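The next block holds one structure in the form of structure tokens; read it before the comments.
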Amino acid sequence: MLGRREGDVFPVIQTAGVIGYLLAAPLVAVCALALRRPAGAARARSVLIVFHLLFLPLQFLFSFGNFEPLAGMALSAVFVVLLKPRFPKLGRRARKVWLTVHVGVAVSWLGLSLAMTVLAFAGLTAGTHAVRHGAYELMHLFDLVLVIPSMAVAVLSGVVLSLGTPWGLIRHRWVLAKFVIALSLPTFAAFAESKWVRSLQALTKDPAAEPGGTGVALAVCLATFTVLLWVAVVLSVVKPGGRTRWGRGSDRAGRGPGQGAVQASSDRPAPARDTPVTVTEVRQLAEGVVALELRRTDGGTLPAWQPGAHIDLVLPSGRVRQYSLYGGHHGHGDEGAPLAYRIAVLREADGRGGSVEAHALRPGSSAAIRGPRNNFPLVEAPAYVFLAGGIGIIPFLPMIRRLDAEGADWKLLHRGRTRPAMAFADELIRRYPGRIAVSASDTDPRPALDALLGAAARGAAVYCCGPAPMLDAVSAAMRTACPHGRLYVERFAAAERPPRAADEPFDAELTRTGAVVRVQPGHSLLEAIREFEPALDFSCAEGVCGSCETRVVAGTPEHRDSVLQEHERDRRDVIYPCVSRARGRHIALDL
Ligand code: FES
């Protein structure tokens, strides 16, 4: 295919190309065979990746005077993708440089394609020999001197940009579509367009010769190139289509194996760091409630935590659930880093499977944790009222332990389905006589919330954790009976919010990198940010766990999370991007 032909230009380069392919063929064949053997597969893969990356620009040189190497470049690019290389991510400055090169050259390619299309139609329709032949001569010259370099640099810079950033080559539909366009154009140019140009350039030396069918095919081909390049430009700007299955797969591959009150949940991948833990104790606390003790698998200590904190438990299946901490084990006294965490899990047979899986854990089972995080801290107040529904008692256990030790003014109303299902009721009554009211909905009347809250001291902190109807009832009662107190709630799941107008697109500026991401309706701010900052922590993706908390530098957030308390909902310094959006067209984030 690469043999010398009459009329070929750059014979030295062409000969070099022949030698290059003759040397490359056995190397690739040997490495391909080695890929099948476990012993040498890793090295063969590395050699192939490096070889194809070096061979890409070499083939560009070979393509002067002989266009088949352009198809070879496309094949090498495909091989690199299939070999799944891991590239170091580009720094901010390097990314800007490559982006500038890529955009600049891609625009030149588009301009050239447009010029070639005009020349093709000029050659096809020209009434004089001079214009007809001149058009094809010019096209031949453009092909050699301008089109090939701009095509090659555009493809190469696009590949570097894709591999050196979180975009990847095949993770996003829009990048993949651009990649296919970028590879198909050189391939088609090598096997058809350049040959048609050459033959028309030779043919039209004869003043009587007409471009005929070849001229029509060339004009149509170049017009199609121009349209496809415009499509690529539009794809770069709009970035439609979301992730491919490989993109979703790479998210999952990037993560490790890893209720108390907070039981928001997610089966979605999260980037947070997991700490492997082993279940060291499983204890039945009440009907459907087990306590799990978790220790680091490597025997090390765990981060200290404060009352109200929770952890993400990463179950063996990869499900992630949030559970409040209520105890642990310290090597020496209650101070310092704990050796174990204790959580309680209510089994919900009709839930999404997390609690059932947690109940199947046994001593020795492996899991992972993230955190702890505290969205429900104990505030300073002259008095405290705790309202616990069912398993919502868990975050209050360490709170009242601390407050009681400090001699604070506090009381607790604990409501549950049945007494046997209320894990700590008897112990609490015994330990804190006179401060606890326990009520079971199968035997006792509904407690008089208004009276209880109305009696709270001025400035009291009212803490509530339980099912949504209970939180709603307490919120309503606070407004009428206890405007002199402040309510703090922790939700089991995302709060129901009233219907709102359709989402509007907005721009989020990531001030540390200078990137601006567009957030389209139907897409979350978190998704958009993670295109550029894949390391941004998140877990529940429902606005409950608080792990995606991000500082706002400018703009106004529209809070849709269930983390902020009612009196915090006009905060402008923080946002939970998994669910919240911007009011207006722009928001700037400290990312
Ligand atoms: S990921 Fe849980 S609040 Fe955003």
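Count begins at 1; order follows the chain as displayed.
Glycine is no exception: its Cβ is also placed from the backbone N, Cα and C atoms.
TrEMBL entries are annotated by machine, without manual review.
TrEMBL lists 272-379 with the feature domain 'FAD-binding FR-type'. Note on the domain 'FAD-binding FR-type' (272-379): mean pLDDT across this stretch is 87.
The domain '2Fe-2S ferredoxin-type' annotation in TrEMBL covers 506-591. Mapped onto DSSP helix, strand and coil, the domain '2Fe-2S ferredoxin-type' (506-591) counts 11 helix, 30 strand, 45 coil.
Residues or ranges marked as region 'Disordered' in TrEMBL: 245-277.
TrEMBL lists 12-35 (among others) with the feature transmembrane segment.
Annotation comment: TrEMBL describes 47-64 (among others) as transmembrane segment.
Per TrEMBL, the feature transmembrane segment maps to 70-87 (among others).
For 99-124 (among others), the entry in TrEMBL reads transmembrane segment.
Outside the transmembrane segment (144-163), and at least 6 residues removed from its termini, the chain residues within Cβ reach (under 8 Å) are 9, 56-57, 60, 63-65, 67, 70, 73, 77, 80, 85, 87, 90, 95, 98-99, 101-102, 105-106, 108-109, 112-113, 116, 169, 175, 178-179, 182-183, 185-186, 189. According to TrEMBL, the transmembrane segment annotation covers 144-163 (among others).
Annotated transmembrane segment per TrEMBL: 175-192 (among others), in sequence order.
If you look up TrEMBL, you'll see 212-238 (among others) marked as transmembrane segment. Remote same-chain partners of the transmembrane segment (212-238), defined as residues 6 or more beyond its termini with a Cβ less than 8 Å from a stretch Cβ, comprise 106, 109-110, 113-114, 116-117, 120-121, 123-124, 174, 177-178, 181-182, 184-185, 188-189, 192-193, 196-197, 199-200, 203.
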